[in-house]
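K.L.:
Okay, so TrEMBL annotates it like this:
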BINDING   100, 110, 134, 225  substrate binding site
BINDING   225, 249, 253  Mg(2+) binding site
BINDING   285, 286, 287, 288, 289, 290, 291, 292, 293, 294, 295, 296, 297  NAD(+) binding site
DOMAIN    12-347  domain 'Isopropylmalate dehydrogenase-like'
SITE      141  site 'Important for catalysis'
SITE      192  site 'Important for catalysis'
Ligand SMILES: NC(=O)C1=CN([C@@H]2O[C@H](COP(=O)(O)OP(=O)(O)OC[C@H]3O[C@@H](n4cnc5c(N)ncnc54)[C@H](O)[C@@H]3O)[C@@H](O)[C@H]2O)C=CC1
Ligand SMILES: CC(C)CC(=O)C(=O)O
Ligand SMILES: [Mg+2]
């Protein structure tokens with residue numbers, strides 16, 4: 001499979017709008033991507049209908065043949081998956097996690113930056129600029145569990161967290177490399193090693209071993225419960241955070257809430273080796289409560305497009321999108337709310353101009 005480099009002139013993109021507001025926000029992401037791309041880069045998109053409609057029509061979530069097709073692209077842009085008409089977990093496990101695992105998206109990258117003029121529920125305007133490196137293929141999300149005596153008052157359910165030395169080390173190494181490359185060079189490991197001693201000690205031991213190779217990186221460990229305090233009371237203390245799949249999922253919704261809201265939180269599911277296409281998506285879900293009303297903020301998807309471009313080597317274009325978002329957010333205060341479409345249009349105009 002070929003992946004796009006700065007020198008190749010076709011960007012082959014798999015587009016998965018998915019469910020709920022996924023449809024609405026992905027349309028804006030594509031608008032802005034089109035405006036941002038240099039004229040000599042041809043965007044070739046192929047839309048895939050994964051999600052609730054496909055599931056109801058065929059019973060399928062993601063087949064081997066689908067994976068073969070998706071593999072042919074340079075990258076994937078996803079809106080969100082999940083719909084109240086489908087039992088909880090069917091699409092989340094059967095599509096989203098299956099895809100992340102199949103394409104070995106083990107680095108789930110989730111930056112949080114409070115941009116100037118953006119409202120935060122926190123007092124003052126703290127300097128928030130950190131990135132969470134969430135492990136993406138292990139932990140309690142592997143489906144390693146079961147239920148016995150289902151439906152009875154004696155039902156027992158397990159959901160076992162899988163943590164391999166290989167899987168932990170590669171994501172810890174990724175986080176150290178990112179911390180080393182940032183000005184503050186700080187890395188926090190977040191876990192719960194006072195209680196989850198088997199997994200927690202594996203994470204802590206690997207973290208400490210790799211830390212010895214990065215003497216310039218200042219490290220700290222904190223339990224996840226305490227981390228939720230500091231994310232609210234001292235978010236400026238964080239630079240890079242590394243954590244497991246479940247803790248990373250939870251703290252990145254919290255991180256979004258304190259740094260501009262869930263509508264602006266972007267993410268990348270990265271396959272660092274490039275063996276498989278990486279996938280970019282907003283941190284949020286399909287938001288059935290506001291779907292179809294034009295209320296969804298497409299900024300998270302647009303910033304995910306910037307991550308996608310940066311991943312493919314288009315730094316200048318990614319920077320233009322980030323600047324456009326920054327200017328758009330700074331202009332919002334005191335103005336009437338705009339529709340999803342209007343925000344997308346405004347961002348595309350800024351990027352093109
Ligand atoms: N990556 C994915 O595809 C994800 C899928 N989901 C799925 O999405 C469905 C809904 O999940 P929820 O727990 O409700 O989480 P959610 O993230 O969809 O919504 C949580 C809250 O945030 C608001 N919100 C989300 N995105 C927004 C946006 N762009 N602009 C403005 N407000 C926004 C919603 O209106 C809601 O009040 C479920 O089926 C869930 O499994 C959840 C998270 C990630
Ligand atoms: C729906 C889950 C599988 C994923 C999720 O909430 C996330 O990745 O943030
Ligand atoms: Mg989540």
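Heads up, the Cβ atoms here are built off N, Cα and C, so glycines get one too.
Any TrEMBL annotation is an automated prediction that lacks curation.
Surface or core, plus neighbours and distances: that's what I need for these features.
P.N.:
Same-chain residues at least 6 positions away in sequence with a Cβ under 8 Å from that of residue 134 (substrate binding site) are, in sequence order, 108, 109, 110, 243, 244, 245, 247, 248, 249, 252.
The Cβ of residue 295 (NAD(+) binding site) has 337, 339, 340 as same-chain neighbours under 8 Å, each 6 or more residues away in sequence.
Across the residues of the domain 'Isopropylmalate dehydrogenase-like' (12-347), the predicted structure has a mean pLDDT of 97.
Here the Cβ of residue 141 (site 'Important for catalysis') has 22 other Cβ atoms within 10 Å, regardless of which shown protein chain they belong to.
Spatially close to residue 192 (site 'Important for catalysis') yet at least six residues away along the chain are 200, 223, 224, 225, 247, judged by Cβ distances under 8 angstroms.
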K.L.:
What binding-site residues among 100, 110, 134, 249, 289, 297 have a C-beta sitting less than 6 Å from any atom of ligand 2?
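P.N.:
Close enough to ligand 2 are 249.
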K.L.:
May I ask you to report the DSSP-based helix, strand or coil state of residue 134 (substrate binding site)?
P.N.:
strand
K.L.:
For the recorded positions 141, 225, 249, 253, 291, which sit with their CB under 6 angstroms from an atom of ligand 1?
P.N.:
none
K.L.:
Among the binding-site residues listed here (287, 291), identify the one with the smallest other-Cβ count within 10 Å.
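P.N.:
Among the binding-site residues 287, 291, the sparsest Cβ neighbourhood within 10 Å belongs to 291.
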K.L.:
Quick test of your reading of the structure: among the recorded positions 100, 134, 141, 249, 293, 295, whose CB sits under 6 A from ligand 3?
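P.N.:
Once distances to ligand 3 are taken from each Cβ, 249 fall under 6 Å.
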K.L.:
Which of 225, 249, 289, 297 (the binding-site residues) has the most other Cβ atoms within 10 Å?
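P.N.:
Within the set of binding-site residues, the most crowded position is 297.
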